[in-house]
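Heads up: the structure comes next, in structure tokens.
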Amino acid sequence: MTRLTRPMVRSPISLPSTPSQLLHSASLSSSPSSPSLVQQSHSYHGDYFSIKPKLSLDFAHSSDNFSDESELENNSTSFVDDDDIVKVRETFDNISIDIGASNPFAKNKHQWSYSPITPYDIVDENHTITVSTPKTNSQLLYTTTSPQLPRKETLSLKFGPSTLKSTVSTSTSTSTSTSTGTNTETKTVTTAAKSTNFTLSMPNLQQHKFLLVDDNLINLKILNRILLKLYPKAQITQVLDSTKVAKLVEENEYDAVFIDIEMPVVNGVQIAQFIRSDVSKDDLTVIAVTTRNSKEDLALFEKTGIDYTFGKPLNYKLDFMANVIDEIIERRKGQMIKKSVSSVESGVSLCSKESTNTLLIA
């Protein structure tokens, strides 16, 4: 028994052709009486401050049912960092920093950056810093045995079977020895240690009185700053006019006078001659600070009574300047004490002679 099926024929859809029909169809589609149509509104009725917190949230946990957010949730992909830290470390020669547990200052040290060719060595007293690599177990050992200068520093660099050892001391010589049987190379390089330490080891806390004379204000301030580093408790008088020096020296007792040579009206040589002409000022130290440092000038300064001459600019080590000034002041004070003691002894001897003469006459 055959069953006949009737083919379905769709009725053609009539499109509106006139504007009135278009308006009528639009009103029917937007009428609330049609339950089959679902209205979706993409507009959010709120101000900017109410929507701003929602924008800062994660789309996966947002309670809004925006169509754009749903599309982002469906199309979102997780980004994975494909970089391997092992490969990155191998690229940079597997250099890692390891401060030994025996280092008492390990807690106070930060992780330092080392170059694989020329490591930055940290010099500390009585402790060691070790740089190790996990692949070859190579170590960079830097040890200092004495903090005093000149010091002997040993740098030992080990990479597997080969060893490079460098020793620095105060002499200049080079020696190299190679052993092919053990594949070990030892190279000793000895160079002269340079001393460029311009720091002061210990300032002098004596309350000295200094007089500075210079017609250049900048040079005067530079010398004043240096002397304050050497003698923090010193009383320093600065004078630009050299004609006032005579009165200041007569009315005050200074331990040292620092004078410039080339000055108008009264130069440094005339000031030194005036000071040395007074016997009571023999304990006063006179030091010249000038650019004139030829042999003839130095001979003239010594003949005039200037104790020492510092050349400009003052590129001397602070310890050197302090030692020179202290030595001259002590020598001048010692000579004055000897003169006073000798004068007292001569007076006592004269009194004793007079007393003996009176006794003999009696």
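Even glycines carry a Cβ here, placed using N, Cα and C.
If you check Swiss-Prot, you get these features:
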REGION    1-39  region 'Disordered'
COMPBIAS  19-39  compositional bias 'Low complexity'
REGION    163-188  region 'Disordered'
DOMAIN    209-327  domain 'Response regulatory'
MOD_RES   Asp260  4-aspartylphosphate
Including all protein chains shown, what's the count of other C-beta atoms within 10 A of the C-beta of Asp260 (4-aspartylphosphate)?
23
Tell me the residue counts in helix, strand and coil for the domain 'Response regulatory' (209-327), as DSSP assigns them.
57 helix, 24 strand, 38 coil
Averaged over the domain 'Response regulatory' (209-327), the pLDDT of the predicted model comes to 94
